[in-house]
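Per TrEMBL, these features apply:
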type: COMPBIAS; residues: 1-20; note: compositional bias 'Basic and acidic residues'
type: REGION; residues: 1-41; note: region 'Disordered'
type: DOMAIN; residues: 31-145; note: domain 'Ig-like'
type: DOMAIN; residues: 264-329; note: domain 'Ig-like'
type: DOMAIN; residues: 343-428; note: domain 'Ig-like'
type: DOMAIN; residues: 534-627; note: domain 'Ig-like'
type: DOMAIN; residues: 636-732; note: domain 'Fibronectin type-III'
type: DOMAIN; residues: 734-823; note: domain 'Fibronectin type-III'
type: DOMAIN; residues: 827-915; note: domain 'Ig-like'
type: DOMAIN; residues: 924-1019; note: domain 'Fibronectin type-III'
type: DOMAIN; residues: 1039-1127; note: domain 'Ig-like'
């Protein structure tokens, strides 16, 4: 082979030169000293980072990254990913090949990523990416090789080049090449030559190009292999296929079309598209079909015909226009397809940041531009799906991500993506503090008694563990643990000495513990003969105030008071003068030998007051006083109201709560919401001390409601009642162009334009004022107003103020004063131009003449007809201050005449004449006679009609008829003279004539016939003929189908039709049936009968439209029936094949 003398090249050199060849056209051969246009040697260096070649493993994912610097570019660069030389991977985007694009605003660098999901063997090979921007471009190549084979990048380039040459049919331009000659398409290389060592030889001189295919076309088949060997063609199978295609006879040119439709058309949704064809015959009619159904002209489908060019225009394309179209001319058709592309979905309402407390519900909400669009929710690069934690809701254009219970782990940035944009929102979760409502208390119990530790926390969902001396307590027969609501209990039955120790309750998730001690009391009997006076050991030092106990409302108060004395003293608890008995209840006293406990379950405000404990025994008495103070959250604030609004602000004030809960008010929290919404927005997180607050950043024209919470040392109150809805809004600007329209002795008519800035509140009306006092108290809706009751002769100034919900606008004041005095104006009629000449109308038409006039004061209007007062009741007159109207509902010829309009003020008058002519069709001509006959001609004369229709006769229409056929044919039209000559009459026939009169209304309804006839005599011998009468043939026949129905298999979703032909006389009644059931007026089916050809059109058949169809023809002589089976097959995306849907006959 010639390549055997070429030197060997390293694989790296081959790959580099193959990259250059990949950027050049396949059919171009360049000398070695030239660079390839668009190759890397001439590129502008747009890439900051290029994709790197890698070894991929089958079934794994691989990602290639390229970065482009756009700091010197005027517009965004365009990136293309290609496999081999021509295969654009952008059209293959989907689940297997995915693309991603990001932009860094700081560095102005675009990052492009191409990911191949689950690599298969066919993905191995050479790839190329191109970045272009106006006049700048850059490209680079990289390799993806299979991990199960040896990696030779240059072999992959050679294989891809050969496959491209084979697919594109370019083997004819392949030439002998070597490894060092990689400037040409690498598909021309001989593999055996690449694997041998060669010495580098001098560059050959460029040879004259030879068309190999011309040589092969003229060569014998036995010489194909030798010619392929000489010119370096290695794919003999592709060579033979190419030769076979070249020898095929060229397709016959179309007889109807000069230019057919393009193969396909692409259009964006909502845009317009046009399809053109050019025809040989400019007069031929064309039909346009969509999915086999003829298209009718409409506002959406517009047909155009210019010369031999036919155009179909589709306006406002939508997804239903994505279909197959045909242009039919006679028996020939031209096919095409229209692809409708949907616009990218954009985010119209962005995500907001959310701040919540642990356990609260979180909602991220956004709105997109299209209903039903798909969006993707992500957090930290992980897509969020519906599970127990996250819920995703769709409501039209609104999309919501819901987190049922927020935790600290949910803190972060959340993203929502569409194919046309993205948005992000940050979630901040604040830890909830656990509040101890009741701590556990030390217990002292005797043997065999029950010990119960009890505590209460603020959160019902908190769980915890019990410990004794640092060791977790396990439940058993004697030890029981319970958790009911906010209360946790540890109960120990039959207490033993070993149960003594320190007990601790630890809530899970909180750095908090509650401890108490269990003391085991041993029973000792001592006989003391002496007596001790009673003593109360009351310690309230921990409460901060001597003998004062503060209790939070709803909590439990248990005050254990140790008592000593011998013998055992008697204990009495009192509130004021009321004794508290030792009974079961919410407020009770529990007394033991040396301990008395005062218990209040769920403290309430009435429990507040002065309490006393009295202990007595024979040795004496002791008494102690203590004060119980109940504190609670405050009552809600009252009378929340809006005191004023601005363009986007509102001033809110409220009254402090009547009860502060026993603790001073620290401040207030405010919330607002839109009217009709259920979502409240916090306005402050730190307490606000004043009772007046200015809310900002509101939307003008939207109604809002406010509510307020009071805060004290105990907690937050219930919300106040909602304020009345208020709208942030600003007054309008002043009205403009205030002018005087009319002035009389006591009134003045003003006119102005609306304010330039109206705002969301609109304009409720206007207030007109003049310098002495207000002219009107109620707002005026219109932009004109006549102020009445003004003093005559005074000079007055006027101003106008616009009113809306926000109040008065700045006034618009006239710069000059107005003198209140009537302005005289002479009467004048402004006759319209069309009434200055004769006004002609046909009988029965409407007449409505509007004639404006002017004059001050208002002139007197008078109408005359032909100089006499107008008394015809069918003629109506209406007159206003500025015009007069003459109207006739149905014109008659009697209405013709001269109408005179006069307007008069005192002795001043103006007149105008209006000439009205009502016309009708004329009567027939008079005395039509055939005056002369000669040769094949006849002369006619007549007189004009008596009734001309109140207008001039513009011509006559003459028709002739021979006595045999009695058919009338027009001889002349628009004949102006009352005479004519009829020529080209047939010899031997006798003719009669008729004449119509014609005026501007048309031909006369009646016709005048000629009183005599014109006989065209025969010359020479006359022929006689005899008529043979034959009996009429009986054409009656029973129905018989001449063409049966044929079984069909159709694809679901594409309209189809089944046809047959029938012959019958009299005409047969046709009945279509499906599975022996008659098809009624179902819009899915269209039944047609065209001269015996019967067609049943089925619109977009589905899986239930398959079955047995039959057609029955019935008349008085009999009936006939044919049937067929229709199978509907649909495409299954899961299996990738057509599934069969058919219904068996019943």
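Just so it is clear, glycine is given a Cβ too, placed from its N, Cα and C backbone atoms.
Any TrEMBL annotation is an automated prediction that lacks curation.
Fair warning: this is a prediction, and the values are worked out from it, not measured in the lab.
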Top Cβ-contact partner of the domain 'Ig-like' (827-915) among 264-329, 343-428, 636-732, 924-1019, 1039-1127 (pairs under 8 Å): 924-1019
The domain 'Ig-like' (264-329) and the domain 'Fibronectin type-III' (636-732) contact flag, 3+ Cβ pairs under 8 angstroms: no
Number of helical, extended and coil residues in the domain 'Ig-like' (343-428), per DSSP: 3 helix, 47 strand, 36 coil
For the domain 'Fibronectin type-III' (924-1019), mean pLDDT (0 to 100): 91
Tally of residues which DSSP labels helix, strand or coil - the domain 'Ig-like' (827-915): 6 helix, 53 strand, 30 coil
